[in-house]
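To start, the structure under review is shown below, and the notes come after it.
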Amino acid sequence: MQALGIKTEHFIIMCLLSGHAVFTLWYTARVKFEHECVYATTVINGGPVVWGSYNNSLIYVTFVNHSTFLDGLSGYDYSCRENLLSGDTMVKTAISTPLHDKIRIVLGTRNCHAYFWCVQLKMIFFAWFVYGMYLQFRRIRRMFGPFRSSCELISPTSYSLNYVTRVISNILLGYPYTKLARLLCDVSMRRDGMSKVFNADPISFLYMHKGVTLLMLLEVIAHISSGCIVLLTLGVAYTPCALLYPTYIRILAWVVVCTLAIVELISYVRPKPTKDNHLNHINTGGIRGICTTCCATVMSGLAIKCFYIVIFAIAVVIFMHYEQRVQVSLFGESENSQKH
């Protein structure tokens, strides 16, 4: 993983997010709720509002333009109110009847099946995407930007455009093109100098180099944002729909978040290799050293680009091809679609 410019901890985090997304997708497609809605209800005479699952012994009524809770983010909570009785006329006639104690006024609804597909799954995918952006920003900075630790730096010659240019020039033009490779070597020397200045006085360096500051800020924002989105996935354990979800769903959400936090913490506190050990590890002489460097450069560039292209292509194709179809088959048309 180090040859690809990715720490083992970062690779583990991407695998955990991917596994969590696959499990959530499987659970959403396989789960069958007898009643997929939960209701925020109160009695006729007024009282505390209580979220609860559907109860066959109760009569649920709703009033036009009378709701304490707005619909959630799934876009399908309205479907839970389609078959409810109108309370505008029924409540007045039922006050003096034996049905009085069984009537519940619905003040809010949640479609729990739609929540998993439209909220939980999308948050996991979004966290995966944002964390992937962070890793890409970080890899670019390891090649071109300043780093306080020289052990974090990787050779700019691993930049995939360098290899692509070399292949095109050798195959199509028939002669080697080395200007970009020489430029990247110059960039490497300049980067090392910038890293020394950055290590000596980071505040002044960031003040003098606004562009570098902006790029590093984007990297930090992507990292923090991905962590915040992962924390939001814990909402599955505290949403009103948690009444319908099995206990292992809530436990799994906590296990994933805690595991990600532990892995992130380990990546920060784990001792870094010293500069001498790092140089001794990467500087191998002779033909073996040349072959190792070339293979690492070529394979890292190809592997990282193929990884990104394949993953994003598959994600886009699946999302575009199946999302609307699955949503309609599971939940029917959304409220916005019906209005149009």
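Positions of Cβ are set from backbone N, Cα and C atoms, glycine also.
Worth saying up front: this structure is predicted, and the values here are computed from it rather than measured.
If you check Swiss-Prot, you get these features:
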{"type": "CARBOHYD", "residues": "Asn55", "note": "N-linked glycosylation site"}
{"type": "CARBOHYD", "residues": "Asn65", "note": "N-linked glycosylation site"}
{"type": "SIGNAL", "residues": "1-21", "note": "signal peptide"}
{"type": "TOPO_DOM", "residues": "22-114", "note": "topological domain 'Extracellular'"}
{"type": "TOPO_DOM", "residues": "136-211", "note": "topological domain 'Cytoplasmic'"}
{"type": "TOPO_DOM", "residues": "233-248", "note": "topological domain 'Extracellular'"}
{"type": "TOPO_DOM", "residues": "270-298", "note": "topological domain 'Cytoplasmic'"}
{"type": "TOPO_DOM", "residues": "320-340", "note": "topological domain 'Extracellular'"}
{"type": "TRANSMEM", "residues": "115-135", "note": "transmembrane segment"}
{"type": "TRANSMEM", "residues": "212-232", "note": "transmembrane segment"}
{"type": "TRANSMEM", "residues": "249-269", "note": "transmembrane segment"}
{"type": "TRANSMEM", "residues": "299-319", "note": "transmembrane segment"}
Open item on the list: At a C-beta cut-off of under 8 Å, are there same-chain residues at least 6 beyond the topological domain 'Extracellular' (233-248) that contact it? List them, or none.
Closed with: 20, 33, 36, 38, 40, 51-53, 72, 110, 112, 115-116, 119-120, 123-124, 127, 254, 256-257
Task: Residues of the topological domain 'Extracellular' (22-114) by DSSP state, where helix covers H, G and I - done: 30 helix, 27 strand, 36 coil
Task: Reported mean pLDDT - the topological domain 'Cytoplasmic' (136-211) - done: 80
